[in-house]
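Here the structure is laid out as structure tokens; the discussion comes afterwards.
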Amino acid sequence: MATTSFSLPNHKFGIKLMLFLVLNLLSLQTSVFAHSSNSKFTKISRHPNSDSSSRTKPSTSSNKGFLSSVQLSLDHALFARSLAFNLTLSHRTSQTLMLDPVNDCLELLDDTLDMLYRIVVIKRKDHVNDDVHTWLSAALTNQETCKQSLSEKSSFNKEGIAIDSFARNLTGLLTNSLDMFVSDKQKSSSSSNLTGGRKLLSDHDFPTWVSSSDRKLLEASVEELRPHAVVAADGSGTHMSVAEALASLEKGSGRSVIHLTAGTYKENLNIPSKQKNVMLVGDGKGKTVIVGSRSNRGGWNTYQSATVAAMGDGFIARDITFVNSAGPNSEQAVALRVGSDRSVVYRCSIDGYQDSLYTLSKRQFYRETDITGTVDFIFGNSAVVFQSCNLVSRKGSSDQNYVTAQGRSDPNQNTGISIHNCRITGSTKTYLGRPWKQYSRTVVMQSFIDGSIHPSGWSPWSSNFALKTLYYGEFGNSGPGSSVSGRVSWAGYHPALTLTEAQGFTVSGFIDGNSWLPSTGVVFDSGLL
């Protein structure tokens, strides 16, 4: 991965800000931990509705202490980022294997800095609880991911150890900030728009920040699009590779559209966090194909193995097939990794074996998309809803597969996997999921489940790990594999969610989709069917 430079939206970290952060570090530590000692940070309930997002403004009670806590996290993230960046400069000609996870941490720290900056410095009036909750949850996930990338290398030098230490310290600070936020968060949640109903694109649905020209663009068919770039392998477009087209996009806040004409593109692509609102439009599943073959067995860590990685907020993919062709014996091999907030994948295909789709972080929505794999082929720690998708377990090197491995590491994170009105099928014995992290959260609702799913439904990760703290649930499913009579009896498993509980995992209740999905032009069901 190329080293990225951190830039703030419409701002740059200058020398004065650097000095300001340094001078404030010790005083912030004192004020934050004094606040911590006088506060009881109660964990939110495992009940899904207790952390369903409300569209209210953040609470002003204890706001100063909370912002000081986030500022302290921002300071530490900046120091860690500086350390990682300096390490890449001093070791560019050596220790290239060690630099892979360092570059991962560098990119993740850039993303974290951007989110924390928005909370502390910008403090825009339209930032609501769901935004702040999402950013803090994602920032915490970023540090967990950095540590995971570092751990996948068998050894690294003292600088790498220092980065790992910074990541662990930052994890603690972010956990504290998240605790403070949730304890102060208003508990009221809107009950409107939870009764279901298909939501279609209409003019009044667009938020004020979507321009009229963008609305017309997002409503348009491929033939009507006026893309900023056209990729064609035969040279008939503006570019012959997707990477060239991405590099040609001008910086700005508007939507950038790239049309990928029918063909197979053998590339590994990274859309960094600073490249926002990118829309990739193909000519259809199986017609426009992006394929890579990186894998853990081939020397790439999980994060870097992705054929396509989208970190910039507002990412949209439509009518494209994403493939990792590494094969069933290659261990972790990601076809698509998404860490983009308010992202949409529509009418696409994601094809791999182990770890096909990495839903890394933030709010995501998948509609009418086929996802194929073997072990943990949907994993990560985003807040994600799958609707009208085909989840297909294929034959691999093992005799049993797992559809999901959700990675929620803190009970205050507003993350999880919601599979709604989908088809789950397979050609080998398969489990709906297993807990990758302590507070793993996954629900399957109003979906068809075929006979490939094991009667127990869910599998442990290792022994009794997370069986009491996970949250797994089912609601209104059908098909030969949908019976809950033989399911696991774990404390964290809910065989029959109530109507109210299930509503908490819908598009409107879980990812606040009514506020942003209309602007994308995608059809979606806001509530239960």
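Glycine is treated like the rest: Cβ placed from N, Cα and C.
Per Swiss-Prot, these features apply:
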{"type": "ACT_SITE", "residues": "Asp355", "note": "active site, proton donor"}
{"type": "ACT_SITE", "residues": "Asp376", "note": "active site, nucleophile"}
{"type": "BINDING", "residues": "Thr302, Gln332, Arg434, Trp436", "note": "substrate binding site"}
{"type": "COMPBIAS", "residues": "50-64", "note": "compositional bias 'Low complexity'"}
{"type": "REGION", "residues": "36-180", "note": "region 'Pectinesterase inhibitor 35'"}
{"type": "REGION", "residues": "42-64", "note": "region 'Disordered'"}
Practice item. Compute the C-alpha separation of Asp355 (active site, proton donor) from Thr302 (substrate binding site), stating it in Å without decimals. Key: 8
Review point. By a simple count, how many Cβ atoms lie within 10 Å of the Cβ of Thr302 (substrate binding site), its own Cβ left out?
Key: 23
Study note, to complete from the structure: Between the two most distant Cα atoms of the substrate-binding residues Thr302, Gln332, Arg434, Trp436, the distance in Å is 18
Point to revise | CB contacts for Arg434 (substrate binding site) [other CB atoms within 10 A, all chains] | key: 24
Study note, to complete from the structure: So Asp355 (active site, proton donor), by the Cβ count within 10 Å over all chains shown, scores 27
Revision key, fill the gap. Excluding its own, the Cβ atoms lying within 10 Å of the Cβ of Gln332 (substrate binding site) add up to 24
Review point. Across all chains shown, how many C-beta atoms besides its own are within 10 angstroms of the C-beta of Trp436 (substrate binding site)?
Key: 21
Point to revise | Chain-internal residues, separated by at least six, CB under 8 A from the residue listed as 'active site, nucleophile' | key: Gln354, Asp355, Tyr402, Thr404, Ala405, Arg434, Trp436
**Study point:** Confidence summary (mean pLDDT) of the region 'Pectinesterase inhibitor 35' (36-180)
**Key:** 76
